[in-house]
Amino acid sequence: MHDSAEQTTAEHDKPITRRQTAVYVYEAPVRLWHWVTVLSVITLGITGYFIGVPLPTMPGEAIDNYLMGYIRFAHFTAGYIVAIAFIGRIYWALVGNSHARELFCPPLFRKRFWQEVGHELRWYFFLEKTPKKYIGHNPLAQLAMFFFFVLGMTFMIITGFALYGEGLGQGSWADIAFGWVIPLFGQSQDVHTWHRLGMWFLVVFVMTHVYVAIREDIMSRQSLISTMVGGWRMFKDDRPD
């Protein structure tokens, strides 16, 4: 479930040499998807908020007061980018290395996985003195990314394009592909409400994700933020676990 850095052997009476080791974890397409999604989700969150709480109506010609139109356009564009990038990410999970698949298939039926989830929870609550080392995502991160981000983003894409299909009109590609969502929820306003709740859900997730990433980069035994920039996981010690 987890891999350790190479340990330097030494005689009992000699100090063990500590050195930082590195493993290439996140391939370029995974890193590109991550940062494109970051920028797109920020754009979606800001523009989505104003779509739900529009700016006051301004007097004058529409062409001179088209700010909300630009906000909607930015929202729709970011939505397309997120959806296309997400499809590309699913494709790379199939053809990339093993770490590219971690978000989509956590080993939920393995006892050891849940034991290590418990260990990570205790570590985050300061009940464990020493965290374990992982090359990829730790088990708790896998669990959170799957249930909160993968499923959450899927929900937002489906409901978002269902609402987009209303604007494009009946018979449009979005209406044909996602029009079934609106009657499933009851009516259009219900989809709007759930889509907006989903936005706040993702806002909370992103805030938690940023906090955990910074905390792990400082307190854990391996790099985190720099790994998503350069792809290399750097270990801070050579202890085996």
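Backbone N, Cα and C define each Cβ position, glycine as well.
Over in TrEMBL, the protein carries these features:
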- 25-231: domain 'Cytochrome b561 bacterial/Ni-hydrogenase' (DOMAIN)
- 32-53: transmembrane segment (TRANSMEM)
- 73-94: transmembrane segment (TRANSMEM)
- 143-164: transmembrane segment (TRANSMEM)
- 197-214: transmembrane segment (TRANSMEM)
Cβ contacts under 8 Å made by the transmembrane segment (197-214) with residues that lie 6+ beyond its boundaries: 41, 44-45, 48-49, 124, 141, 144, 148-149, 152-153, 155-156, 159, 224-225
Average pLDDT across the domain 'Cytochrome b561 bacterial/Ni-hydrogenase' (25-231), rounded to a whole number: 94
